[in-house]
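See below for the structure under consideration.
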């Protein structure tokens, strides 16, 4: 809008050099140039808009601004007047350099400014004066010239007692110069530096001098116990104890309360030392190892990891650290899925991590054990784009390249295994180049300490922890200064301290607890458990070297991220294998093929049913109980129809439709079996019941009433309907999921396939199947038995019972085989469906073909299409087809018997001829004797009968 107001103004070029005094014009005020090293802030206009105009409207205001450490001298704001001029044009505006404003204040003193006004400009003079009991250290005057004060800023220092009159306060320290952690090699010189700096200050403990009494603990609790006894029971009295490593600090801190001593450690990281009930007077400038845990949890949340695994060396420091981590991740909604530990050999735990598919792994162990772990990691291939390892950051930078005879991995293999891992390390040296309370920067401290050491820092134990030891002395000095009333405040006499004086101990404790200052290691402050709060450095091993990727301040929950993290796979991996659930569906080719067969079977059943109904007046059909055959055809149709829902799964239907499909399977198959097999079973049952009676009960054969057959079928169907109804109401079928073992995909992707299969099931499925299979199996076995028993029965009432028996054989065999096989193959959807559906199809086909095709063939080939009335009118005889068949069979049997009789007669004639020939031959050899008057000579008792004699009764035996 303002630009629209300026459009009518003429665009006119400025004069040479940009005149400061614009010409009067009714159009507004001409744009003026800013002062040197300065600029003009145009309110409401952009830079492009300012370039497009030369005049500004009346009442428009501009503001001068200066660059760098400069201030505007003269009018800072000018306003366009109605006469076309700017306000206060007679006074120029300049940007001049100012001197540091810190010289305008003095702690414990006053500053007097002359020759200028605030802020301090060129020519300004300041004079410094200290308060009573303080004296000025430095020049009392300074002049501002071209932005610089002529002298360094002085400070006010408390008037101290002369050095010879200062009272000594003793510190008992234990430095581990050797052993598991030789941190005393660098920490002792750092403590000595701090004592020199503190004792040289007049504003801290002006009446006292801190002195050190120390021993080498060798990081051994036993050795430390000896020196602790010497410190406590030998003069002079020590006002505080300073142990180093965690094992020694645990011993000292637990015993110190008995002597009312404060314990201040510079190198202990064990989380167990944070227990205030066990260690009530313990403080440490070395942060607890649990300080890594908030950083780890923050990184887990940053990368969206919800499941992690851990592996630790079995020591107290790592066990307590892991316990703390477990509590923190639980609060953050993260789960530790697998936890492993080892004492010396990590081979088995690493294998377990691999077997459990651990992806995000936190490792807590010392440097030597770290090499063993990652040698096993390489062997198990537990590294790469799928895995992230979190390690402790205080290892040496080349720890994985160090020769170690206890492992059998090369440097190249170790380098490959550790690539990409994350480390968290406590910030022990202030990364900012700011001055600490000792007036030294962190870099100046490192340079000064390096000159003091007798060997290279990388070869000196505890060099990283040296800033913590230096700041520990400063924390102690400030606490004692506050307790003693240093700086003009009232306090207690430190020289009155003894091991029974709890009052002084309590005051020192409160002073230590409220410590807050800037040290060379950063901001020093203690939490409620006496542990140092500090920043955490986050690094990642990239290309064989560690790169800083961020810092984390747990006190403020502030994560400073440099976005320099690199991942082997291009992005952070998942915390677990991504499981893709896939359903196993029935083969559509198999389903379509069986469906076609089932459809053709239904068509065949309809044809057979139609044929049977159409020819129900034919006597031959009537004698086969056509209504039962009709029920068989209907039952086969229902069973064949069950094939369709049997093959439907999630590929075709939704989850909500699945229960209906399950019920359709059950009812169609159940009713189909009851009608189809039940009608055949009824036939064979009544044939066996009626036509296998003894002779005295032949009257039963004449009284086979059809309603009894229908009642039997109805009973079987009713039992199924009742059972199915109870099943559906009490325990209905529903969709259940069967889950299989995970499968690896063919592609190289970080996913796992979880196959699943849908089933129709209920809570007590086995019970219901037991009931069904129990009585259905009995029916099948009984049907086989009855079919076998009636195979030789011939009856006019049910003329197709032999075909029924054959159908029962086939149905029973298929059912008895298929039922257990499908239960075994239930997890293989194609095989189970193929067995079940093909058994239904084949049994239905066989039943229909065996029962109906012979009838069709007989009626077609013999032309027996007449009804019983028509047949009687045509022949005039009541002989039925069954009697004709019997007559034909009897005639055939008669012919066969006549043939046998002829053969026998021919044989008899032959034997008679042979007998006569022998009699004639014998009469020639023995002439005839006179006849006995009695009619013949008597034979002796032993004389055999004559072979030529022939008894008529014997001849008749030949015809039998």
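Just so you know, the numbers here start at 1 and follow the chain as drawn.
Using N, Cα and C of the backbone, Cβ positions are placed for all residues, glycine too.
Per Swiss-Prot, these features apply:
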- 246, 269, 286, 366, 465: 4-aminobutanoate binding site (BINDING)
- 866-879: compositional bias 'Polar residues' (COMPBIAS)
- 99-144: disulfide bond (DISULFID)
- 130-156: disulfide bond (DISULFID)
- 219-245: disulfide bond (DISULFID)
- 375-409: disulfide bond (DISULFID)
- 887-915: region 'Interaction with ATF4' (REGION)
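Recorded features from Swiss-Prot, shown on the structure.
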residue: 130; record: disulfide bond; Cβ contacts under 8 Å, 6 or more apart: 106, 108, 109, 136, 156
residue: 219; record: disulfide bond; Cβ contacts under 8 Å, 6 or more apart: 176, 178, 179, 180, 181, 182, 183, 244, 245, 247, 248
residue: 246; record: 4-aminobutanoate binding site; Cβ contacts under 8 Å, 6 or more apart: 267, 268, 269, 270, 272, 273, 316, 317
residue: 286; record: 4-aminobutanoate binding site; Cβ contacts under 8 Å, 6 or more apart: 265, 266, 267, 268, 269, 426, 465, 468, 532
residue: 366; record: 4-aminobutanoate binding site; Cβ contacts under 8 Å, 6 or more apart: 313
residue: 375; record: disulfide bond; Cβ contacts under 8 Å, 6 or more apart: 407, 408, 409, 413, 414, 417
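In this entry, 4-aminobutanoate is bound by 246, 269, 286, 366, 465, whose most widely separated C-alpha atoms sit 17 angstrom apart. In the structure shown, the C-beta of 245 has more C-beta neighbours within 10 angstroms than that of any other entry among the disulfide-bonded residues 99, 144, 245, 409. Secondary structure from DSSP puts residue 130 (disulfide bond) in a beta strand. Here the Cβ of residue 465 (4-aminobutanoate binding site) has 27 other Cβ atoms within 10 Å, regardless of which shown protein chain they belong to.
Mean pLDDT for the region 'Interaction with ATF4' (887-915) in the predicted structure: 84. Mapped onto three states, the DSSP output places residue 375 (disulfide bond) in helix. Local packing around the recorded positions 156, 269 was summarised as the count of other Cβ atoms within 10 Å of each Cβ; on this measure the leading residue is 269.
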